[in-house]
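Here is the structure we will look at, set down as structure tokens.
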Amino acid sequence: MEDDAGDGAASGGTKRKAPAASAAAKEKAAGKGKAATKAAAAWATAKESSLLKQKSPAEFFAENKNIAGFDNPGKSLYTTMRELVENALDSAESISELPDIEIIIEEITKSKFNTMIGLVDRERIDEELYDDFESAKAREKRLAKEARFQETQAKNAALGKKVKEAPAARVKGRGEAAFFRVTCKDNGRGMPHDDIPNMLGRVLSGTKYGLRQTRGKFGLGAKMALIWSKMSTGLPIEIKSSMKGQSFISFCRLDIDIHKNVPHVHLHEKRENKDRWHGAELQVIIEGNWTTHRSKILHYMRQMAVITPYAQFLFRFLSDSPDKNLTIRFARRTDVMPPIPLQTKHHPSAVDLLLIKRLISETTKQNLLQFLQHEFVNISKSHAERLIGEMGPDFSAKTTVKSLTSQQLVRIHQLFRQAKFDDPSGNCLSPAGEYNLRLGIIKELHPDLVATHASSPQVFEGHPFIVEAGISIGGKDVKHGLNIFRYANRIPLLFEQGADVITRTALKRINWSSYKINQQQDKIGVFVSIVSTKIPFKGTGKEYIGDDITEIASAVQSALKQCCLQLKSKIVKKLQARERQDRKRNLNRYIPDVARAVMETLGEIADESPPKRPRYDKEDEELLEKVNSQEVTEMTFRDCLTQHVEQVDYEMALEYAMQSGVSEEPREALYLNSLEGSYKFIDFQSPVFVFRFIP
């Protein structure tokens with residue numbers, strides 16, 4: 001019985017501990033489940049990370065928009081306008097048409113934007129949900145601070161001290177988004193109807209690829225503006241285009257599939273072209289900030305007007321607030337255009353293995369001799385034969401170029417790096433021209449003095465380049481000190497100025513005082529334009545040229561020094577003219593005293609008794625008689641002395657004008673419109689004028 005009872009007790013005890021054991025088992029099982037879940041998640045992550053992914057070019061630039069100059073809304077507005085203007089200039093210049101470009105930036109309020117896309121505005125319900133919400137405590141603190149400031153300013157005013165302006169209230173949060181419709185219209189080449197979607201809706205596709213001087217090379221431009229529009233507003237871009245002689249206008253509304261890098265066409269149709277207009281008109285709606293980048297945009301337009309005086313720009317900013325509206329016209333002052341840049345071949349010293357392979361895949365030449373002669377500059381037939389002989393026994397003139405092995409290509413590349421070649425010429429380049437640069441400076445700045453210089457073509461890393469420089473003294477809207485205007489392939493560069501080779505050269509490598517120029521007090525305009533088949537920009541934003549290329553730095557310094565020498569000569573002559581004026585002023589000041597003293601002396605001599613022997617010549621006797629008879633008076637001497645001073649001053653001024661070749665008389669700007677109709681002509685250009693001969 002006891003055993004039974006004991007067994008029962010034991011059994012009962014075991015039954016009482018069962019719930020605790022079950023809970024532990026469940027917890028252990030749950031732990032294993034969690035561990036298994038984590039392991040599975042880690043495995044899935046590892047598997048996902050091991051999968052190869054590919055991004056389209058459009059997707060890459062959308063995620064790295066700062067590369068193309070779309071850092072923030074303000075910079076994005078500036079870059080959009082800039083890219084559209086430069087595309088318009090390229091289009092007009094490509095058909096030798098004098099550019100006539102209209103740019104409109106229209107501000108669109110949030111309410112108008114919402115109406116445009118069919119979104120109904122809603123009033124705020126929960127104010128605390130918003131980023132710009134101000135609590136009662138924060139408002140009380142702000143008002144107290146403003147009251148203390150006003151009290152302090154009242155005390156200062158009572159004591160006669162300077163009163164400061166109240167600081168602008170800082171708005172918490174990101175603020176209201178601002179939207180803008182940017183429109184650019186030109187009279188250029190236009191675009192073929194069927195090519196419009198791919199030309200504007202596919203990143204890294206364009207007509208500017210190849211070795212030539214060009215304003216843009218990345219295939220972005222308007223495409224990046226379209227990507228920014230899709231990111232900030234979701235709206236498509238609208239294009240109107242017509243080519244010369246077309247009876248229709250192509251209209252296209254499209255956006256871009258960022259993940260596939262293909263255009264998404266909403267509408268593409270042909271419309272009647274009643275006015276026979278040719279060119280392109282692009283319209284895009286983006287988020288932007290006019291307030292922060294207004295000065296940059298206007299400064300860009302002014303600089304562009306300097307470097308392209310043959311173009312006419314009409315810039316307009318439209319807003320619901322009439323006081324913010326703005327219209328500026330930059331008039332055309334010449335019809336002399338730079339030549340169209342020519343596509344050139346690669347210099348052997350500037351190619352790499354990849355480029356050699358690409359040239360081989362694209363060439364139509366069969367053997368190595370023909371390939372070297374026709375695919376590179378400055379390799380004649382005799383030079384090509386010598387190079388082939390130097391390559392080794394595995395090479396011959398008749399070697400099939402497409403059968404070259406990787407080792408043979410490396411040998412060719414190594415020989416290109418070591419061999420001596422003539423420098424490429426600058427015939428393929430299209431600088432603005434010294435005449436156009438001078439005319440643009442005079443047109444926009446109205447300086448007192450201006451000097452320009454254009455260097456001969458030079459070379460860096462196998463690429464030709466030309467430096468044009470101009471320096472002006474005085475002018476309107478010019479600050480005291482150095483005002484630096486930088487251009488690369490005739491594009492104004494406005495950002496990252498401090499690290500640029502032009503800025504560093506002007507600040508550190510030019511001794512301005514030795515050229516009679518006061519770097520601190522004078523209004524100095526420094527203009528430098530560099531054109532090349534390859535501009536060595538630093539960074540991907542194309543905003544400054546590095547200071548580490550000796551050839552370019554030396555060329556910029558030399559061009560600026562040549563301008564300074566011209567100015568020094570003019571300044572010295574101007575100082576001499578000023579000294580002459582001061583001398584004339586001093587002489588005129590002493591004329592009354594001198595005339596009085598001479599008259600008194602002659603009067604005393606005339607009053608003396610006649611001498612027994614004649615002491616004076618006949619002419620002197622006659623003068624004394626006229627003094628006695630008051631035929632000659634003090635005013636007579638004044639008039640004679642004044643006439644003499646004027647005659648000497650005139651002779652010195654004439655000599656100065658003959659030496660300097662300029663007249664100091666006020667002159668009006670002269671511009672004659674070109675003759676109507678088409679005609680053949682020959683231009684003879686100099687730095688200061690263009691003579692056009694029409695046979």
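Placed from the backbone N, Cα and C atoms, the Cβ positions cover glycine too.
The number of other Cβ atoms within 10 Å of the Cβ belonging to LEU220 (ATP binding site), over all protein chains shown, comes to 22. Taken from TrEMBL, the feature ATP binding site covers ASN87, ASP186, THR207, LYS208, GLY216, LYS217, PHE218, GLY219, LEU220, GLY221, ALA222, LYS223, LYS542.
The domain 'DNA topoisomerase VI subunit B transducer' annotation in TrEMBL covers 424-583.
The region 'Disordered' annotation in TrEMBL covers 1-33.
Averaged across the domain 'DNA topoisomerase VI subunit B transducer' (424-583), the predicted model reaches a pLDDT of 90.
Note on ASN87 (ATP binding site): other Cβ atoms within 10 Å of its Cβ, all shown chains, come to 21.
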